[in-house]
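Quick look at what Swiss-Prot lists:
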type	residues	note
ACT_SITE	Pro2	active site, schiff-base intermediate with DNA
ACT_SITE	Glu3	active site, proton donor
ACT_SITE	Lys57	active site, proton donor
BINDING	His90, Arg109, Lys150	DNA binding site
ZN_FING	235-269	zinc finger
ACT_SITE	Arg259	active site, proton donor
Amino acid sequence: MPELPEVETSRRGIEPHLVGATILHAHIRNGRLRWPVSDEIYRLSDTPVLSVQRRAKYLLLELPDGWIIIHLGMSGSLRILSEALPAEKHDHVDLVMSNGKILRYTDPRRFGAWLWTKELEGHNVLAHLGPEPLSDEFNGEYLQQKCAKKKTAIKPWLMDNKLVVGVGNIYASESLFAAGIHPDRLASSLSTEECDLLARVIKAVLLRSIEQGGTTLKDFLQGDGKPGYFAQELQVYGRKGEPCRVCGTPIAATKHAQRATFYCRHCQK
């Protein structure tokens, strides 16, 4: 599933081609996604795009009378086309722009979403979200307050959007390795120093992935159709049985909430 760096990479890739241009029309080939494509999107015509924003893993296209909320789901991706290339099987949505560009949404598993809302505030998919991990609000003090009485393993807690948004399976594993914290540790067992380190490491890992264009494991592509390159820098994720790049111990794997977790038995305590 695309996580925060992949969604932010997509946002940065499509923004220059959309902002200041006008949506001439939308071509919906298959509107049966996780939720049906909103009727308002079918009716788009001569609609300027004012901004392209992100909240958690949602892309937000600001229009004069409302917002398009896009979620990439498990396997979705967005590409900017310079010409109307023939659509393939999983190309479900096109936004045809006044500048000759086409924003094409591809989603093999159809678990993404294209929704319309008049106002963002209070929308059910955006309500109750925690802070952005790259914001000043997310820091060691905040993390310690939220972990202090939490009797659950730190790995799944990091992936809870009520704590912090956008830290999915890949980056939770990578951040815990970088901080030297075992994923099975109870959140409440983390010290002040560990919470401070973990908050800083999460920011650093996410920023590095954004710089590399995200992590391409299977379906994710950047806005220009190129893969992300952070996969080449993964320290533990997807490396079960391979030697730790720091100490040589074979990388171990376990599961939290049915999600694979990767870690080093020697480096993480």
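Every residue gets a Cβ built from N, Cα and C, even glycine.
This view paints the features noted in Swiss-Prot onto the structure.
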{"residue": "Lys57", "record": "active site, proton donor", "Cβ contacts under 8 Å, 6 or more apart": "Pro2, Glu3, Leu4, Val7, His71, Leu72, Val165, Gly166, Gly168"}
{"residue": "His90", "record": "DNA binding site", "Cβ contacts under 8 Å, 6 or more apart": "Thr106, Asp107, Pro108, Arg110"}
{"residue": "Arg109", "record": "DNA binding site", "Cβ contacts under 8 Å, 6 or more apart": "Gly73, Met74, Ser75"}
{"residue": "Lys150", "record": "DNA binding site", "Cβ contacts under 8 Å, 6 or more apart": "Trp157, Leu186, Ala187, Ser188"}
{"residue": "Arg259", "record": "active site, proton donor", "Cβ contacts under 8 Å, 6 or more apart": "Pro156, Met159, Asn169"}
For DNA, whose listed binding residues are His90, Arg109, Lys150, the greatest C-alpha pairwise distance in Å: 41
Per-region confidence, the zinc finger (235-269) (mean pLDDT, whole number): 97
DSSP-derived class (H/G/I helix, E/B strand, else coil) of Glu3 (active site, proton donor): coil
Mapped DSSP class for Arg109 (DNA binding site), helix or strand or coil: coil
DSSP state at Lys57 (active site, proton donor), helix/strand/coil: coil
Conformational class of Arg259 (active site, proton donor) under the three-state DSSP mapping: strand
His90 (DNA binding site) - helix vs strand vs coil (DSSP): coil
Neighbour count (Cβ, 10 Å) for Pro2 (active site, schiff-base intermediate with DNA): 30
